Amino acid sequence: MQTLTIIRPDDMHLHLRDGDALKAVVPYTARQMGRAVIMPNLKPPVVSVADALAYKARIMAALPEGSAFEPLMTLYLTDNATSELVREAKAAGIVAFKLYPAGATTNSDSGVTDLFKLIPVLEEMAKQGILFLVHGEVTDPEIDIFDREAAFIGRVMKPVLAQVPNLKVVFEHITTAEAARLVLEAGDNVAATVTPQHLLLNRNDLLVGGVRPHHFCLPVLKRETHRQALVAAVTGEKAHKFFLGTDSAPHAKSAKENACGCAGMFSAMTAVELYAEVFEKAGALDKLEAFASKNGARFYGIPENAGTITLVKQSQTVPASVPYGDGELVPMRAGGEIGWTVQY
């Protein structure tokens, strides 16, 4: 039977929620990943060092006994951010600030209204070596939802990179050929995370044969040509600029199967297996380890994980749902097969 052993991966973009939801989902990530970059869009958001340290303590308390998993904490960038906050964050071990343009995604109401007013704060991030994580979509109601990432590149990303050229930027969960091209053409201070859904699915998977609420995420799934461009980027000659970030975003089944359903796909349960499928289909299984376990650590300036995990070429059926607080959670590819299984 075919096996593949790789350095234990890191998830460089993860939503863990809080309370009972946190307790329900964190074990799935902790058994596959050594570390994860934890998104700060709680209600209320994680905006201060004290907020982040308290949230980290709650995550650690929710981990299975004996787990060596390490959460890497971030702060939610707001219009009120200061250079002093950046220095405090650096001193406390916070790895990054996350940009949510106001209204772009789940719990983004406190997000930034005008990033260009925060240029001195971004300059301090560059000076301190704190990363800037970007949800790269404009929120202008005039812009078609399928074009919001491409519009963000010209309106925001390129001007910011021109004004703060040494800022370390992660273009999060990229979904378009335009975003891949920006990262490929930018300096080594710009990288990107890519989710399993944007490497495996396109907008037909959301809209053909009925609306598929469990395939609804933001940024929304795009055309097949964009999916192919992402696969080419993560397996190509500049693949070192791209790394694993699931954007696994749990919402109760009742909140997804709804007249106004929530955006987000829960992939943490079988994340590594889903990515293995992508790389196998692309004839690039030899590049999975760098994407999952090396590129992100290098960009963040942290050592690779010490342990390994082993994937077996053995099919598994993903459960239709799993418990989630008082309700249930529908994982990515619920009820379907994945051709790989992580050995635990």
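Along the chain as shown, the residues are counted starting at 1.
Note that Cβ sites are derived from N, Cα and C of the backbone, with glycine treated the same way.
Taken from Swiss-Prot as is:
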BINDING   His13, His15, Lys98, Asp247  Zn(2+) 1 binding site
BINDING   His15, Leu16, Arg17, Asn41, His135, Leu218, His251, Ala263  substrate binding site
MOD_RES   Lys98  N6-carboxylysine
BINDING   Lys98, His135, His173  Zn(2+) 2 binding site
ACT_SITE  Asp247  active site
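Sitting within 8 Å of the Cβ centre of Lys98, His135, His173, and not among those site residues for Zn(2+) 2, are the Cβ atoms of His13, Met39, Leu99, Tyr100, Thr105, Leu133, Val134, Gly136, Glu172, Asp247. Arg17 (substrate binding site) carries neither a helix nor a strand DSSP state and counts as coil. Closest in space to Leu218 (substrate binding site), of the binding-site residues given as His13, His15, Asp247, is Asp247, taking the CA atom of each residue.
Restricting the binding-site residues His13, His15, Lys98, His173, Asp247 to those with a CA within 10 Å of the CA of His135 (substrate binding site) leaves Lys98, His173, listed by sequence position. Residue pair His15 (Zn(2+) 1 binding site) / Asn41 (substrate binding site) shows a Cα separation of 8 Å.
Note on proximity: among Arg17, Asn41, Ala263, the binding-site residues of the record, the Cα nearest Lys98 (Zn(2+) 1 binding site) is that of Asn41. Within 10 Å of the Cβ of His135 (substrate binding site) there are 25 other Cβ atoms, across all protein chains. Summary: among the binding-site residues (Leu16, Leu218, Ala263), the fewest other C-beta atoms within 10 A of the C-beta are counted at Ala263.
Ranking the binding-site residues His13, His15, Arg17, Lys98, His173 by how many other Cβ atoms lie within 10 angstroms of each Cβ puts Arg17 at the bottom.
Report note: the Zn(2+) 1 site is defined by His13, His15, Lys98, Asp247, and the residues of the same chain whose CB lies within 8 Å of the CB centroid of those residues, excluding them, are Leu14, Val37, Met39, Asn41, Leu133, Glu172, His173, Thr193, Gly245, Ala249.
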